[in-house]
């Protein structure tokens with residue numbers, strides 16, 4: 001399996017000279033050749049639209065603060081609590097896509113990393129940090145809507161702009177801390193059988209596989225998704241409960257458009273990232289040799305690569321969702337005209 005060798009080598013336990021999976025699983029070479037040809041262009045396309053879309057989103061959120069931008073404005077617009085979270089999510093997506101050109105080149109070179117050890121660690125660490133930052137921000141966004149809609153009378157005492165800003169800061173710090181192992185353990189090593197110098201994770205001990213699974217699949221997915229499902233279930237229940245009362249109101253319940261935007265963002269995030277975490281868990285089972293069948297190893301390996309880049313799509317989908325499913329950007333755009 002190419003990605004097993006290139007991403008999670010254990011030089012203390014397995015020889016770099018003869019990875020068993022390379023010689024025993026040759027049936028998917030044509031599939032890998034196709035991926036090497038197709039995925040780099042796909043990743044660059046995602047990077048282009050992700051950069052363009054998220055830069056536009058951030059400009060619409062942040063530029064009204066700049067007095068020199070529109071001298072005729074009578075007052076400055078302050079970001080709402082929802083906008084603070086969404087601006088941070090756009091910033092996270094922007095930082096995330098900045099690392100994609102390096103991986104596009106890496107795949108185009110058949111995992112031969114040409115940028116050196118420092119960029120190997122920095123690019124991998126930044127991508128890993130933003131994986132956590134993104135899902136933690138989705139939890140925070142869902143929790144904020146939950147408080148506003150399910151406990152509207154008491155939420156005003158808790159929902160403060162400074163609190164939202166502090167929450168976002170803590171999320172960025174948490175993402176950085178959780179990415180430290182990636183910064184420390186990523187390195188460029190020669191893999192003779194593949195004739196490449198690969199940017200890989202070098203685990204010093206078998207137990208690191210379990211630690212990585214807990215970090216990635218539990219802290220980075222299962223626990224946040226449980227919270228997201230809980231909050232959004234009650235949000236939908238609250239909206240259903242308000243439906244009868246809002247029938248006579250023009251436009252429906254207060255905040256329903258913003259809530260619709262956020263629910264769409266949450267659904268998009270889960271659809272894009274669930275396959276990645278599913279195959280990441282299967283990859284963990286391969287690493288600890290619970291899965292040993294060659295065909296399953298190839299399915300896991302190829303599936304993880306495809307799911308990886310399917311997850312990247314989320315970074316350029318979010319700006320489209322802001323425009324087509326929500327009123328926040330429309331309000332900001334009209335305010336600058």
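Using N, Cα and C of the backbone, Cβ positions are placed for all residues, glycine too.
Here's what Swiss-Prot has on this protein:
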- 1-41: topological domain 'Extracellular' (TOPO_DOM)
- 13: N-linked glycosylation site (CARBOHYD)
- 21: N-linked glycosylation site (CARBOHYD)
- 42-62: transmembrane segment (TRANSMEM)
- 63-83: topological domain 'Cytoplasmic' (TOPO_DOM)
- 84-104: transmembrane segment (TRANSMEM)
- 105-121: topological domain 'Extracellular' (TOPO_DOM)
- 120-199: disulfide bond (DISULFID)
- 122-142: transmembrane segment (TRANSMEM)
- 143-164: topological domain 'Cytoplasmic' (TOPO_DOM)
- 165-185: transmembrane segment (TRANSMEM)
- 186-217: topological domain 'Extracellular' (TOPO_DOM)
- 195: N-linked glycosylation site (CARBOHYD)
- 218-238: transmembrane segment (TRANSMEM)
- 239-261: topological domain 'Cytoplasmic' (TOPO_DOM)
- 262-282: transmembrane segment (TRANSMEM)
- 283-305: topological domain 'Extracellular' (TOPO_DOM)
- 306-326: transmembrane segment (TRANSMEM)
- 327-337: topological domain 'Cytoplasmic' (TOPO_DOM)
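The transmembrane segment (165-185) is not in contact with the transmembrane segment (42-62), judged by fewer than 3 CB-CB distances under 8 Å for residue pairs 6 or more apart in sequence. A Cβ distance under 8 Å defines the sequence-distant neighbours of the transmembrane segment (218-238), meaning residues of its chain 6+ beyond its ends; these are 131-132, 135-136, 138-139, 142-143, 145-146, 149-150, 178, 259, 263, 266, 270, 273, 277.
Across the candidate stretches 42-62, 84-104, 262-282, 306-326, the maximum count of CB pairs under 8 A to the transmembrane segment (122-142) is reached by 84-104.
Most other Cβ atoms within 10 A: among the disulfide-bonded residues 120, 199, that distinction falls to 199.
Between the transmembrane segment (42-62) and the transmembrane segment (262-282) there are fewer than 3 Cβ pairs closer than 8 Å, counting only residues 6 or more apart in sequence, so the two stretches are not in contact.
Look at the topological domain 'Extracellular' (186-217): DSSP puts its residues at 11 helix, 12 strand, 9 coil.
Straight-line distance linking the Cα atoms of residue 195 (N-linked glycosylation site) and residue 120 (disulfide bond), rounded to a whole number, equals 18 Å. Taking the Cβ of residue 195 (N-linked glycosylation site) as centre and 10 Å as the limit, one finds 9 other Cβ atoms among all the protein chains shown. DSSP labels the residues of the topological domain 'Extracellular' (283-305) in these numbers: 17 helix, 0 strand, 6 coil. DSSP places the residues of the topological domain 'Extracellular' (105-121) in helix, strand and coil in these numbers: 10 helix, 0 strand, 7 coil.
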